[in-house]
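Chemist: Dumping the structure here so I can ask a few things about it.
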Amino acid sequence: EEERVEEEEDDDGAEPPIEEEEENEDNNDNAHHPENQDESDENEEHNSSDDDDVEEEEEDDNPIVLGGDISVPAFACLVGIFEDPANKEEHTMLSVPLTRLPATLGRDHKTSDKNFFGLGKAKALSRAHCIIYYRDVIGGRLGQYSDNTSDELVYHPPDSNHKAAKVIRPKDSGSDDDDDDDDDLPTTGFYVIECLGKNRIIVNGQKVKQGETALLRHGSAILLASFSLYFLLPNVDGLQEDGENKDGGGGGVKPTTMQVPNPSYEEYQRKRMLNSGGGQSSSLSSAKRHKTKEIADDVSISSKASSLTAQSTTTAATSTAPTPQLKGFAGLVEELNTLPVRTLLKRMTTAINNDEWERKHQMLGTAIAQHAVRDAAKTRFIRNIAAQEGGVARAEIMKWISTSKMYAEWSAQMKSKMEIKSYQSSIGKALLKAGFVRTGTTGRHVRWTLPADISTEDEDEEEEDGDDDDENNDDGEEGADDKHNSDEENEEEGSDNGDGSDDDDDEHEAETNENGDNDEEERVNDSNSDEDGGDDDDGDDDDDDDEVNVHEQNDQDDDSGSDSDLA
């Protein structure tokens, strides 16, 4: 019994160490259990996410604010960032106040255009990449077109090209108005952006290609190459009734809209209404005109150019259906090809005086260039070079154009709006379109053969126009013209020029025969006087001897062609 008691005591003393070992084993098992590990990871992630939320809240407390006060008065302002394609981590903030309208945007270059606003030296930008201007629903434009620094706003009524242009209405990212009709345009005037370059632009996520126009609202986003810009209008105090701006912005302020009274435009609208034959007042509401066979009695302005002009029932009954015409730039090219060159030159001068230079003016210059190179091919100066050298160089054509009485001013105008390489390229394209044939492929010594449809009759007509009498032509051209003019006078009058150096054999023979006839008459008169009592050198009065002397003298005159006998 004593032994059993001792064993029990020993067992009781060993129990505590065994329990400690079991607890240690349980702790080790819990440490390596996967469920417990996941719980610890979740706790760590939760702690890190809390830290991120704190950082985001701190960033939200300091948002990037665009716009604000600017140092100069402006119609609008473009603000945003430029992302360098070489290093996308670097961003440059920029702000471009549009102080003049229309505003042309593009790559920095030397220009005298006061309405140009450069965005930098990025190669993805064209020199005239896009243009922002203020217009109305029918296509008229309001801007500063004077060459001086005057701030006067001038209204230009729409022409056929602007009237046919369709305005894209991209949706605002912050607008949830599903009832907004994309075909309706504001009737109080609005800003638009037109893409001029080959590289498209993006307005509120919608692509705008070359020649297309998109509506600009306050806050519209513009993606222009590596530029991310916002279009901002000036703000005034006050809210709308609902506490928000009409354009979907929330704010405290609303963008202003220019309200410019224009008596000329009102007179234009009145005449337009009378010419339409409706006799009703013009409606400026947004109601669309349905395209039916019935003729509307009143005039309603809509966004589509085809429904801008209303016709009366009488006019529709008596007039015949018009021939279909091309629209856009194709129609403009067709129109320019039918106009005389002097009309084209007047249009170009008017555009330059108004400080206008758009795509249509470049096409106008191309049409004039075709007339210029063809007129150059009609001149003796160019034709002589082509005959001697086997063709004429482009530089020689450009030299004639720059000194021509008709095209000198146009040449200077083109060089003031274009770089010299672009001007040379336009002349080269005009040579191809005018019928010139290139004799080589590359090199500065390439020559062009003259068009086959230009004859000498065209050359005479060109002389009547007076282009070859330009006193500013170079010495080579004057010398060539003087030589040919003197040759023609000698052929018509049959007289010698007095220096005995005429190279024309036929002309010299004609002059010699005429001189011989004059000498023969003189000798006959001398023989008659000898018969009356005068003696010859030998003292012989025989008539036969006189006739022999006359013929011998005539033969000598024919051989010598002496100028002393003429004297």
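Cβ from N, Cα, C; glycine included.
So TrEMBL lists these for the protein:
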COMPBIAS  1-28  compositional bias 'Acidic residues'
COMPBIAS  37-62  compositional bias 'Acidic residues'
COMPBIAS  300-323  compositional bias 'Low complexity'
COMPBIAS  455-480  compositional bias 'Acidic residues'
COMPBIAS  488-547  compositional bias 'Acidic residues'
COMPBIAS  555-567  compositional bias 'Acidic residues'
DOMAIN    103-134  domain 'FHA'
REGION    1-68  region 'Disordered'
REGION    155-183  region 'Disordered'
REGION    242-261  region 'Disordered'
REGION    274-324  region 'Disordered'
REGION    448-567  region 'Disordered'
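Just tell me what is around each of these and how deep it sits.
Modeler: Listed by sequence, the residues of this chain that lie at least six past the ends of the domain 'FHA' (103-134) yet keep a Cβ under 8 A from its Cβ atoms are 75-76, 78, 82, 85, 94, 96, 141-144, 149, 189-199, 201, 216, 224-227, 231, 258, 355, 357-358, 416, 419.
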Chemist: Would you mind splitting the domain 'FHA' (103-134) into helix, strand and coil residue counts from DSSP?
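Modeler: Secondary-structure breakdown of the domain 'FHA' (103-134): 0 helix, 12 strand, 20 coil.
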Chemist: Restricting to the domain 'FHA' (103-134), report the mean pLDDT as a whole number.
Modeler: 85
